[in-house]
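Engineer: There's a structure below that I have some questions on.
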Amino acid sequence: MNESEDEPKDFIKLNYEKLSTDEVSELVISPCCGAVSLFIGTTRNNFEGKKVIHLEYEAYSPMAEAEIKKICRDVRQKWPSVRHIAVHHRLGLVPVTEASVIVAVSSPHRVASLEAVQYCINTLKATVPIWKKEIYEEAYSWKENKECFWADVEK
């Protein structure tokens, strides 16, 4: 692969299938990068003492994808050495232990990719219109991300 074939790319995907860590990490590998950093958000089996059966995610996909593209642009401004960015988010039902979101970033050195991954997931949770429903043994609850900017609006 020559340098021109390895132009910086963003890989954004929202889908209803199981996410693959291998697939996402392979998307961002580059011969000019010595670091690939990953964040994998998985469904845990409990929340505030309640047993979680699974999660369900909904999104307005065109708007969610546009917001993720903005995050990628911001990353490239803050960390110019970042080569590739991948953000895959699962929609629909996500069983316990399975991934709901995977963020991967490649860069020549680890500091940029680690910082960029953290920025991506924190900003995604704060700005991207993806909604989570937690299903418990005997109830359910739509969850509001504490980080999202609209959570601060007085009710």
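Keep in mind that glycine also has a Cβ here, set from the backbone N, Cα and C atoms.
Residues or ranges marked as substrate binding site in TrEMBL: H109, R110, K125, K132, K133, E134.
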Engineer: Just report the maximum Cα pair distance in Å for the recorded substrate binders H109, R110, K125, K132, K133, E134, no decimals.
Structural biologist: 37
Engineer: In the structure shown, which of the binding-site residues H109, K133 has the fewest Cβ neighbours within 10 Å?
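Structural biologist: Sparsest of the binding-site residues H109, K133 by Cβ contacts within 10 Å: H109.
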Engineer: R110 (substrate binding site) has how many other Cβ neighbours within 10 Å of its own Cβ?
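Structural biologist: 13, counting other Cβ atoms within 10 Å of R110 (substrate binding site).
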Engineer: For a quick check of packing: other C-beta atoms within 10 Å of the C-beta of K125 (substrate binding site), how many?
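Structural biologist: Result for K125 (substrate binding site): 16 other Cβ atoms within 10 Å.
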Engineer: Have a look around E134 (substrate binding site) and count the other CB atoms within 10 A of its CB, chains all included.
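Structural biologist: Here the count is 19.
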